[in-house]
Each structure stands twice: as C-alpha cells, then as structure tokens.
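For reference, TrEMBL has these:
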| type | residues | note |
| --- | --- | --- |
| COMPBIAS | 1-20 | compositional bias 'Basic and acidic residues' |
| REGION | 1-54 | region 'Disordered' |
| COMPBIAS | 28-40 | compositional bias 'Low complexity' |
| DOMAIN | 67-102 | domain 'FCS-type' |
| REPEAT | 163-267 | repeat 'MBT' |
| REPEAT | 275-371 | repeat 'MBT' |
| REPEAT | 373-478 | repeat 'MBT' |
| REPEAT | 486-582 | repeat 'MBT' |
Amino acid sequence: MENTPDAEHTPRSERKRRDSFGMFDGYDSCSEDSSSSSSSEDSEDEVPSIPASLPIIKNNGQVYTYPDGKAGMATCEMCGMVGVRDAFYSKTKRFCSVSCSRSYSSNSKKASILARLQGKPPTKKAKVLQKQPLMAKLAAYAQYQANQQNQAKSKSVVPVEGFDWGQYICSNNLVGAPVSCFKHVPMGMCWGDIAEGVRVEVLNSDTNLSTKVYWVAGIVKLAGFKGLLRYEGFDNDSSKDFWCNLCIPEVHPVGWCASSGKPLVPPKSIHHKYSNWKAFLVKRLTGAKTLPPDFATKVQENMQYPFKKLMRVEVVDKTHLCRTRVALVEQVIGGRLRLVYEESQDGTDDFWCHMYSPLIHSIGWSRSIGHRFKRSEVTKKMEGQMDAPSQLFLKIKDVDQSGEWFKDGMKLEAIDPLNLSAICVATVRKVLADGYLMIGIDGSEAADGSDWFCYHSTSPSIFPVGFCEINNIELTPPRGYTKLPFKWFDYLREMSSIAAPVKLFNKEVPNHGFRIGMKLEAVDLMEPRLVCVATVTRIVHRLLRIHFDGWEDEYDQWVDCESPDLYPVGWCQLTGYQLQPPATQSE
C-alpha cells in the first residue's frame, strides 16, 4: 500500500524537494503569520497583496472559498497538499484528510517520512519552514499539480546503471538468500543441488581467438541466482573470477560443448600450465556435479506466467483500504502485475502486486464473502478483456467457522497495512465469509471504516494478544493512549473487550531457510512498484524484518517468509525488472 497518492509517480531518487512551495521544509503548517525567516526568492514585496476575493479552492474533494485572508492556509504534512486551514482535519490542522493523518501518525517519525517523500536518505534534522506569501503558495501549488500530471504521463522507473550485486557481495563479504527460500520464483521449487563446486560450461573471455570458444568453470560462491565462477585450472588464482546469473541461456551443463560440437579451449593466462588439457579435465571433472541436462528448459518453463494483459481482477483500492475495485492487467514482469484500475482514464491510476498476492482476487470475490466493493462506472468493455480464471489465484486454506470463532470487537495484534514497520493494537471490526476478517488499527481509524483492512484468519500478519511482548517486538499502542508502558490486561479491562483466542491464529512455521544478514531483492510495499536491495535483519518464527539498504530503520517492513514480494539476488536481472540500488548509491 502506498503512503501517498503521488508516491507512485516518482522513484525515490527523483522525489525532489518542492522548494518553490516550502512544502517539506518543516513540520508546522504554512501560514502567513509564520514567524520564520522568508526566503530570498520570495520576499514579501515581490508578491502582490492578497486580493479580497480569492478563487475557489478545492481541498480534499470539497470546495471552499478563502474567507478573509486571516484564517490562513495550511500544508498537509503528509502529502504536501495545500488548502484552507479551517477545512483541514483535526484540531491541529496539520493534515488534509483522515488517511494522511493516519499514515503519518502510524509511525510519527516525522523527519524520516518527510525525507522519504523528498527521495533523500533520511536525516534526523528538520529544516526551518520558510515563510511564504499566500499567492506564491497558490501559484506554486497549481504548478505542482501540473508537474504531477506531466510526470504521470511520462511515468517510468528511471534505470539506475552501475549497481553490481557481485561487487556489493564480494567487497562486503555478504551472503545472498538461497533460491530455494523463494518458492514462488522461477526455479524456486527445482533449484536442486546447485551449490558451490558445481561445474558449468561458459564462454571463455580470456582468449585471443576471434571465434566463440568455451571452457569449464566452477561455482566459487553462490548468491541467489548469481554465481561467482572460476575457470577450471586457475586453482587458487581469483584474478579472472566473474559473476554470472546461472539461469541465463549462456550457462550450460558440462558435456554441452561435446554434444553441440563447440570448441573447449583453455584460457590463455593458464594455457602453458598443462600439455594434456583433456587428461586434466577428465581428472578434474570425475565425480563433480553439473547442472541437470534439462536446466535451461525448466528455466524457460518457469518464466511463463498465466496472467495475460487485459485480464480483469478485483484488487484492493489503494485509496480506501476497506474496499476492492476492478482492475485490468496491463503488464506482467516476472510474475508481478501492473494493474490499472478500470475507471482510470489515462492508464496512470495503477497498482503493482505479485500474481500470488493476497490483495488480488477473481471477479465476484468481494460479493461472495461480503467485502466492500466499488462498482465500476465503465459500461463498455475493451476488446479482448476477460475475467481472470479463478484457478490462477492464490489458494486460501479452508477454515472451520462453525465452532469457536473470531467475533466483532475482539482484540489482537496486526501489522499496520499503512506502516509495515509497526505491529499495532487492533480490533476485529467485521467477520466475513470464508475465514476473512476486517481489521481496524486502534486509535487511528476513520469514522466510516474506510481504513479497515481485510486479513484472512490464517494470515501471517495477524497475531494473538501478547505476541509482541513474548517475542520482544515493540508493540505500537493506540494513538493518543497515555497509560504507558502499554499493558494488554489493563487495556482489555478499560475497553470491556476480550482477546481473540490464541488457537484461532496460524502457528505454522515453515522451515524457510532464511538467516539474519542474508541479502535479497524486496518490494517496497509502501510503493509496490519498486524492488530494492534489502537485508533480513530479524527473524521471529515465520516473520522476517526486511531492511532496505541505505535507508533508515523506519522504513523496515515486517514480511512473511513466504511473501511473494521477496526475491533472490539476481531476480530483477533475470526477469528484466528494474532494481533500486541502496539509497546512498542512488543519490
């Protein structure tokens, strides 16, 4: 789920400070009587005085006229939206809407969220807000909206050249999570015995010959799909070692050259070492392992995805978490789908998720379980559209709801869908069919329930009361709750509520194979278009704490070990997806 409506449109490295606006330069809402120093570009005398009747201003979907020049304007601290202060949400007038207030308060680490919106590595220091006259603000806001629309039209992830997993791993002596940890990726279920010591036949780059020749190399180190290879005969000499994605068509099992009539020629650097290279190879390769003969075919088969362009699905509405909407598959990359909401006029209102994500469902799912659904106004279907067949979606375990079951009002702990670094005090708000539950985060829910979130009862993102305390995880108390440290016993008594029975939660912990410190490629679920260089920093049963390299811990995310949003090193390269390098490197 994105935190901001516009976050999708610009990669982190591009989210510049909106200087003309002073939008993100500090915490307090902008207003005329702000006492901080004015910026040199926008000094008072260069701007015309405020006219008596200002134009109508749209704010958060409602229309207001600017009253008398004294009430002042405010800038939303979450999304940067400017509007009439009186129309802003809550007493403090710091946010334009409930959802912005909610997103912001869920972690309240202000400087970091602001820095993230700017696309800069977060710093602890907040800058002083520049004083700016109202007209300059209104003009800048118009400009800002125009820019947003232009960016939306030319939306693309800017390729970041120069990130080299191999160098990153070698220079820092890192470990990549094995491919077998990721059951949903190509070869995840059939990686087999590929390990250090396995031999392959690859192009020989250490030669003066003009034709393509090959040589045998062994895997010295493995990181996800990538292997550090050393040509046979170099022994302990690492000078010609090279990283290679083992799933690319140029990597072959030993014996491929012989069966294809390709020449095996030793590298020129070591050509002098042996007079009988054939005998050398026979000796070296006896008893050694190589790739299975059908490895390349399996890779190809594993790279076929059943979802096709123009298939219709139901997916969570990113602006109202409590409901789903119809969307069309626009792109399929490596099993990840770019879905465009059906009513999107220009195809820019989109949402990225994996085809096995719990956020997408077949058409008719919402109606069948009693989930809220936003009807589409689109009556005329495009040519070639079809509802995605129901067997393509992730299968959910059947649960028995006949005996003791979740009831409205029961308390539990849940990962906050708007701030995945936090596990929060939460409440079952509505019990749906087929084991689904609507969950609200205590202390920061919208009155209309628009930010309730649907979790299945077997979801690894909901936990019984006391889970955080037992596992030494910081539990986020309800916003505004003052009796700290938070004690469940007292809270349940005050709220006259009960804890959901422990036996109803999913306690299965697969033997996932992840270890602390392992590197991987992970989706930034607050901006699900981005896949970033990441590290496993904590493991609690089946729960992984994922840290984005180069970013502060505030952006860490709790993710299940079987999440389809985690990938091995080299997945982006293999599937042609854009990998976001660590923040420091992208600056």
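Heads up, the Cβ atoms here are built off N, Cα and C, so glycines get one too.
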Under the DSSP assignment, what numbers of helix, strand and coil residues are found in the repeat 'MBT' (373-478)?
10 helix, 36 strand, 60 coil
Could you tell me how many residues in the repeat 'MBT' (486-582) are helical, how many are strand and how many are coil under DSSP?
19 helix, 31 strand, 47 coil
If you run through the repeat 'MBT' (163-267) with DSSP, how many residues end up as helix, strand and coil?
16 helix, 30 strand, 59 coil
Across the repeat 'MBT' (275-371), what are the DSSP residue counts per state (helix, strand, coil)?
22 helix, 35 strand, 40 coil
Over the repeat 'MBT' (275-371), what does the predicted model average in pLDDT?
94
